[in-house]
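Scroll down for the structure; my scribbles are underneath it.
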Amino acid sequence: MKNTVLTFKQAKEEKRRLSMLTAYDYSMAKIIDESGVNGILIGDSLGMVIKGEDDTLAVTMDEIIYHTKAVKKGAKNALIVSDMPFLSYHVSIEQAVLNAGRLIKEGGANAVKLEGGANVAAQIKAIVDAQIPVMGHIGLTPQSVNAFGGFKVQGKSESAAKQLIDDAVLIEKAGAFSIVLEGIPEKVAELITNAVSIPTIGIGAGKYCDGQILVYQDMLGMFNDFVPKFVKQYANVGNVMREAISSYVKEVQAGDFPEEKHTFKIDENELKKLY
């Protein structure tokens, strides 16, 4: 059954936890979708895990649209949410609505996500008024990495925590259907979750959120050089892939691949005509 914004609303009302993962291409979207997640985010995290950048700031609208198209073809049941990249909604409300519309019309997304609190409430309202569902995102917002001075946990003081709660309430009033809470103390996330009637989706925000989201490369253990504190690795796919590829290389070098069962035949009479 296709997940929609109503699915998310009903899940909170019925106290059912929501699961989300990122995806950036057809193959992974298909596997993730078949595994039963409620939503797939085409995140601007692709700048880091696909392009190898140090942050998300260089990701463009065209790149998000390209990857959204691919994910759309692989995911039949998950709600497809596309990130609005840095500076795609900051300049003006008109710009925000037009770019959100591109993600829906050109990419095929079901909803868009943008970062910020009170400072983007007007953009959220305008996008929602254009009949485009919006997912909010507060806390450690990666597009603000330079303003934060790095990827640092947010909401650790009373004033900062109160600001996050106020931002969440404003985001709900603006019409968002859910909010991502990233990199904030667990108890602060619980307060936010109880303060709003829309579902909260946590990443590094503890167990009291209405749902969880992770970058799939992190939870599958594809990278060994850095594992965020909030990530649980459910597999070590990186090692499995390296071992498989190493075996392939060795077999090719030794002449053991391809075997006879991997090859195609030609009729002997036809073959003789070639000599």
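Just so it is clear, glycine is given a Cβ too, placed from its N, Cα and C backbone atoms.
Between the candidates ASP25, ASP83, ASP166, ASP167, Swiss-Prot assigns the 3-methyl-2-oxobutanoate site shared with ASP44, SER45, LYS113 to ASP83.
You'll find the Cα of ASP83 (Mg(2+) binding site) roughly 14 Å from the Cα of GLU182 (active site, proton acceptor). Spacing of LYS113 (3-methyl-2-oxobutanoate binding site) relative to ASP44 (Mg(2+) binding site) is 10 Å (Cα to Cα, whole number). Within 8 Å of the Cβ centroid of the 3-methyl-2-oxobutanoate site, not counting the listed residues ASP44, SER45, ASP83, LYS113, the chain contributes THR22, LEU41, ILE42, GLY43, LEU46, THR56, VAL59, ILE64, SER82, MET84, PRO85, PRO142. Considering other CB atoms within 10 Å as the measure, the emptiest surroundings among the recorded positions ASP44, GLU182 are those of GLU182.
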